[in-house]
Amino acid sequence: MEHTYQYAWIIPFLPFPVTISIGLGLLLVPTATKNLRRIWAFFSVLLLSIAMVFSADLAIQQINGSFIYQYSWSWTINNTFSLEFGYLIDPLTSIMLILITTVGIMVLIYSDNYMSHDQGYLRFFAYMSFFNTSMLGLVTSSNLIQIYIFWELVGMCSYLLIGFWFTRPTAANACQKAFVTNRVGDFGLLLGILGLYWITGSFEFRDLFEILKNLIHNNEVNSLFAALCASLLFVGAVAKSAQFPLHVWLPDAMEGPTPISALIHAATMVAAGIFLVARLLPLFTVIPYIMNFISLIGIITVLLGATLALAQRDIKRSLAYSTMSQLGYIMLAPGIGSYRAALFHLITHAYSKALLFLGSGSIIHSMEPIVGYSPEKSQNMILMGGLRRYVPITKTTFFLGTLSLCGMPPLACFWSKDEILNDTWLYSPIFAIIAWSTAGLTAFYMFRVYLLTFDGHLQVHFQNFSSTKNSSFYSISIWGKEVPKPLNVNLFLSTMNTNEKMSFFSKNTYQIDRNGKNRIRYFSTQFGNKYTSMYPHESDNTMLFPMLVLVLFTLFIGFIGIPFDQGVIDLDILSKWLTPSINLLHSNSGDSFDWYEFVTNAIYSVTISFLGIFLAYIFYGSVYSSFQNLDLINSFVRIDSKRILSDRIINGIYNWSYNRGYIDVFYGKVLSNTIRGLAELIHFFDRRVIDGITNGVGVVSFFVGEGIKSVGGGRISSYIFLYAFSVSICLIIYYFFRF
């Protein structure tokens, strides 16, 4: 067993040869390297698969024996300071290794087909392999310095991949935004690491935890300074895991290729912040108020992410805000002392969200031949609808991923999310109310995405997205005010002012008659695509296979954490995998499982989720058109004052959600403009004052020299006379002031 642990250091470096080989190949033999580009995809998958096998072996040993192994190499700087580099294998490490490798393999297989048309295919796989190496190195690090090194490498890879299509201004701006926002967190993390080293004199986790615990217990350290250092460490996790208020980079990160979105949101970048909190949890628990701070940030992020997802039209941005909200749940759990639930939800959410992002990539892939390759069109849910008949496999996988994220049993996220929701009652009723309410919002906005994408009819044929004002085609609206005059049911298509506000819940569907189909066929031929079919098509098997594998994970991964132990079979593998002493809320974890409490809480959570799904079906499903035909909705709002009030509330919610809570506007107008103004002021002072003084001295010296040169005339007698005259003047002044 120990023999396997001794070679665990190889795991992070297994994907790295692909990056080196592609880089050297493109530099030395670019033509041959490009001709064999599919071979590099094969080697990427192969090497990461070997890493997965090693990781699975370590995980099995961890489950059976809970053996913790650490090995370090010392690098002595001088007699008083040395750095140690090594690796640590414990339950947390083995969980993250399995998560990164399994999701990474699925994303690499998917990317082979998804990126096959792209000129940057090889560059993409080089970045991806380096991304996996960086994340694997991060989770196996044995000290804070090593974590910081790989932390920066993860940030660099995310910057390269978010801005992969750097010729697009939006992608270039997005990667810069992600980089700058994470600079704030990384700077906080560095300050926190240095502060803790100043207190404890060690970067090693075990030594650091033990020394700090003793210092705080004996009141030998300033508790405020220790809390500040811990808060700075947490700031790094806040930025990396897109927690409030450093979440603004996450939706813009969707400018990168969809496989990268899946990897970032499931197993790499956003998981790095959660991993850091989990790794440093023994430190946070001994410092007052830090746990409260972590839980507060988590619950704010839970609610904020859910509300911002309500009005998004881009399918990937909707999923991004969903990730933000779910990461809030995961961050909330360790803050309230539920360490096990946090890692459980990290696992289940990773597979479900990877499935959803790969599904969205399949949807985008099917829409691009029809609407073009611009993300504003191919990712716009307004132009979708009715895709269930064109992409049935993608629809089924996306549906299962949506149900899982909504917390529907027996799918994966139901078990982990319910555990967090139940634990919030033990911590704070206010936090519990917010967390449970957000569970309903999650079901609402996730089924909003599903219904806008797959329900009804293909809306692209009804849309005017060519920016022409004189189009006679109706633009389907999602949010805003209804057109006040009644719809003429005899017209197949009606006009609408393009400047009109979007409607809040409207998703109009129409019966397509024979004339309508003819008009659709005529309209669709105007795009001039090379594809003969003007309807979406299912993705290739290479893209569908990873999605089907992730469906299996979504169906069955939740069973590893079910706390059922009836003496015959113990399904709770996760509890044996993790260290139970860290779970602060359940010190009596060995007690028998309470079936009644579990079923009661499950009924409540599922009911709330069903309510959100029901509301989504009413406002976005095909049934909404029936309500419109029966005029049931208008019967509830016939009183003008009530309708005006409801419209104001609805538009207020829409403006809040669509404008991202005005947080980006605040950062842009207050922080960015203030910093830019300060920079311009400093630039003016440097150029006019500092440079002015320097240049002024030079100019004055020049003119003085020229004047002296003209007076001297080149004769030695003149120089002697001026020298004697100057000395005489100085002596007279000295004599005068002395007496």
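Placed from the backbone N, Cα and C atoms, the Cβ positions cover glycine too.
Features of the protein shown, as given by Swiss-Prot:
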- 9-29: transmembrane segment (TRANSMEM)
- 39-59: transmembrane segment (TRANSMEM)
- 89-109: transmembrane segment (TRANSMEM)
- 125-145: transmembrane segment (TRANSMEM)
- 147-167: transmembrane segment (TRANSMEM)
- 224-244: transmembrane segment (TRANSMEM)
- 258-278: transmembrane segment (TRANSMEM)
- 280-300: transmembrane segment (TRANSMEM)
- 327-347: transmembrane segment (TRANSMEM)
- 425-445: transmembrane segment (TRANSMEM)
- 544-564: transmembrane segment (TRANSMEM)
- 603-623: transmembrane segment (TRANSMEM)
Original post:
By Cβ distance under 8 Å, which residues at least 6 away from the ends of the transmembrane segment (89-109) in the same chain are close to it?
Top reply: 5, 8, 11, 41, 44-45, 48-49, 51-52, 55-56, 58-59, 62, 66, 68-70, 125, 128, 132, 135-136, 139-140, 259, 262-263, 266-268, 271, 275, 278-279, 343, 346-347, 350-351, 354, 358, 542, 545-546, 549-550, 553, 577-579
Original post:
Under 8 Å, at least three CB pairs between the transmembrane segment (603-623) and the transmembrane segment (258-278) (pairs 6 or more apart)?
Top reply: no
Original post:
With an 8 Å cut-off on Cβ pairs and a sequence gap of 6 or more, do the transmembrane segment (280-300) and the transmembrane segment (425-445) reach 3 or more such pairs?
Top reply: yes
**OP:** Considering only the recorded stretches 9-29, 125-145, 258-278, 425-445, 544-564, state which has the highest number of Cβ pairs under 8 Å to the transmembrane segment (327-347).
**Re:** 258-278
**OP:** Rank 9-29, 224-244, 258-278, 425-445, 544-564 by Cβ pairs under 8 Å to the transmembrane segment (125-145) and hand me the top one.
**Re:** 9-29
Original post:
What parts of the chain pack near the transmembrane segment (147-167), using Cβ distances under 8 Å and only residues at least 6 beyond its ends?
Top reply: 120, 123-124, 127-128, 130-131, 133-135, 137-138, 141, 174-176, 178-179, 182, 186, 189-190, 193, 236, 240, 252-253, 255-257, 260, 264, 268-269, 272, 276, 279
**OP:** Could you give the residue numbers and ranges of same-chain residues that sit at least 6 residues beyond the transmembrane segment (425-445) on either side and whose C-beta is under 8 angstroms from one of its C-beta atoms?
**Re:** 295, 299, 302-303, 306-307, 309-310, 318, 321-322, 325-326, 329, 332, 336-337, 405-407, 417, 585, 604-605, 608-613, 615-616
